[in-house]
Amino acid sequence: MIVPIELAHTKNITYDITIDALPQLTFDTKVAVVTNPTVAGYHLQTLLAHIKAPQLEVITVPDGEEYKTLETVETILNELFEHKFDRKSLLIAFGGGVIGDMTGFTASLYQRGIDFIQIPTTLLSQVDASVGGKTGVNNRYGKNLIGAFYQPKAVYIDPAFLKTLPSREFSAGVAEIIKMAVMFDKDYFEFLVTADLSDEEVLKETIRRSVELKAWVVNQDEKEAGIRAVLNYGHTFGHVVENETGYTTYLHGEAVAIGMVMANALAVELGLLGETEADRIKALLEKASLPTHYTIKDVDDFYEHFFLDKKSANNSIKFILPEGIGGHKIVSDIDESVVKNVLKKFEEEV
């Protein structure tokens, strides 16, 4: 199954997202696989058996969001220099969203840009992070504040890699699936309410529908000038949760789930979402074993973090909110007191 990326406003950038068993990959240039010890332990030998290249290197970096930094990117760059990679060389991102983001960003920097491909191994990266060309790293001010839009040459999604994924990581990926359904497709939401994702065929169908939705958005708006910003539902709040907890307490998808609950509370306050709809979304998140509670220690500090969000501009915060299930609205003129009153509801767990 192939989902095409054909960027509407960018000349000559097209590539395929292949959802199937990993094919044999043959290259006529130097190739470096960037991965982490966890993925390497389970799947590296399988990947290497599928690659033919005149020179093949493996670069292993530490596992975890806390290592998604400029320092780690510099480590990868130095390895490429050590192995005398050139502008025709290729990187392969083999791992989850952290590996994909850092590998893509490294590819954008090395000698002003070399090719890379994505082979995602987590549900979150298969349905979301590997699709669309967002790359980057975190710093002490916030998440993904340093980065670039840099498209891969191809994406290969093999659901078989998910068989070794811990249940918590799997749930984190489901958060991004629910996000897309709430924003764009009520029928898909209803499908997810009853879907058994432990069934391989149901899971493959879920991956397909999610990738098609993401590709549909990216094809219209590569650089988040419009509709692509809607994919940040849950992220404005979720990124603050991640930052406040040092990127070590919650997986990204878990923080997004909490952020969705917070965004829903604001949407209910503004009359965009009914209480019953908010409860249904929360129930679906809980069905996926995702956290839906977070205690805000200081509402003022939490609010100030919003201004470090990439979507904020001219001292205005853009909130991505559901307008019913299957609809969305971007709102940037909400009075500070309204937002803070909603945040106060999370000073004690709801």
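Cβ coordinates come from backbone N, Cα and C, glycine included.
Between the candidates His252, His293, Swiss-Prot assigns the Zn(2+) site shared with Glu176, His235 to His252. For the binding-site residues listed here (Asp63, Glu66), the lowest count of other CB atoms within 10 A around the CB belongs to Glu66. A count of other CB atoms within 10 A of each Cβ picks out Thr122 as the most crowded of the binding-site residues Thr122, Thr164. The Cα of Glu176 (Zn(2+) binding site) lies closest to that of Gly97, out of the binding-site residues Glu66, Gly97, Gly100, Phe161. Surrounding the centroid of the Cβ atoms of Glu176, His235, His252, where the record places Zn(2+), the chain contributes additional residues within 8 Å, namely Leu124, Asp128, Ala175, Lys179, Gly234, Gly238, Gly253, Ala255, Val256, Gly259. Around Gly100 (NAD(+) binding site), the C-beta neighbours below 8 angstroms that are at least 6 residues distant in the chain are Ala93, Gln118, Pro120, Ser125, Ala129, Ser130, Thr135.
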